[in-house]
Amino acid sequence: MRGAVWAARRRAGQQWPRSPGPGPGPPPPPPLLLLLLLLLGGASAQYSSDLCSWKGSGLTREARSKEVEQVYLRCSAGSVEWMYPTGALIVNLRPNTFSPAQNLTVCIKPFRDSSGANIYLEKTGELRLLVRDIRGEPGQVQCFSLEQGGLFVEATPQQDISRRTTGFQYELMSGQRGLDLHVLSAPCRPCSDTEVLLAICTSDFVVRGFIEDVTHVPEQQVSVIYLRVNRLHRQKSRVFQPAPEDSGHWLGHVTTLLQCGVRPGHGEFLFTGHVHFGEAQLGCAPRFSDFQRMYRKAEEMGINPCEINME
């Protein structure tokens, strides 16, 4: 029997996830049992009609007869909404243009009222918990390289699933757009000179200005930083708007993690970052005098990845 399972696994080209390493977190489903169900017809492929978003229910006859559903989405942005979750979903994300997996970054943001399932990053049978099923918690953006794996969504045991819906938005972006995602491994550390110089080239916004105020929002685990900008090098989605007094300045706000402990600071900064799910998120933000030093040094060495007007 064991040999037959492994032979079937090789033919299917897919292994079922194994348990994560030591640490807190709910256990994944029994791997051998669900592997057998998957290989013996317990999984189905669900293709979204618009290839960007998927909405399904665990109460349909087809879903109840299967432990695992495969969902295929081919788009740069969209959403997944799973009502009355039972069993598990494997969500396969791909862009609508050809691009190698190692050059793609995926960001997901759970719906605020999402509940009923845990969301894992899965690759070659290993699971890493991304989003725990905690009802009412604010959805934190999670980003990872597509090369690191795909999404495995596992329903958690519930006595009453009638009020449960698991859902999230997703975005796929090129690896260069994701260069500010060094914050995943060390979310509050300062950027290196190299990371700052690359952020200048790839960020959705690059502005020079001052911190006017900082508001901490514990229930969302974020800090909101209000900026007065005196030089707008680049922006998308109109994050910064002209000041009402027509003073040649722009006003706007960006967010960062509450755990970073951002406070109002004196002096001029260069702010960079990306817009995810309509929200401007802070990336690298060196003091402008420090940026001038590193930029001129790179310019002298001829290693600037791109140019910016320093005046």
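Glycine too: its Cβ is placed from the backbone N, Cα and C atoms.
Quick caveat, the model's predicted, so the values are computed rather than measured.
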C188 forms a disulfide with which residue in Swiss-Prot, given the options C143, C201, C260?
C260
Among C201, C284, which cysteine does Swiss-Prot link to C306 through a disulfide?
C201
Need the cross-check against Swiss-Prot: the disulphide partner of C107, picked from C52, C143.
C143
Based on Cα distances to C188 (disulfide bond), point out the closest of the recorded positions N103, C107, C284, C306.
C284
Indicate the candidate from C75, C107, C143, C188, C191 with the smallest number of other Cβ atoms within 10 Å of its Cβ, considering only these disulfide-bonded residues.
C188
Can you tell me the three-state DSSP label for C143 (disulfide bond)?
strand
Rounded to a whole angstrom, what is the C-alpha distance between C143 (disulfide bond) and N103 (N-linked glycosylation site)?
13
Give the distance between the Cα atoms of C52 (disulfide bond) and C201 (disulfide bond), rounded to the nearest whole Å.
28
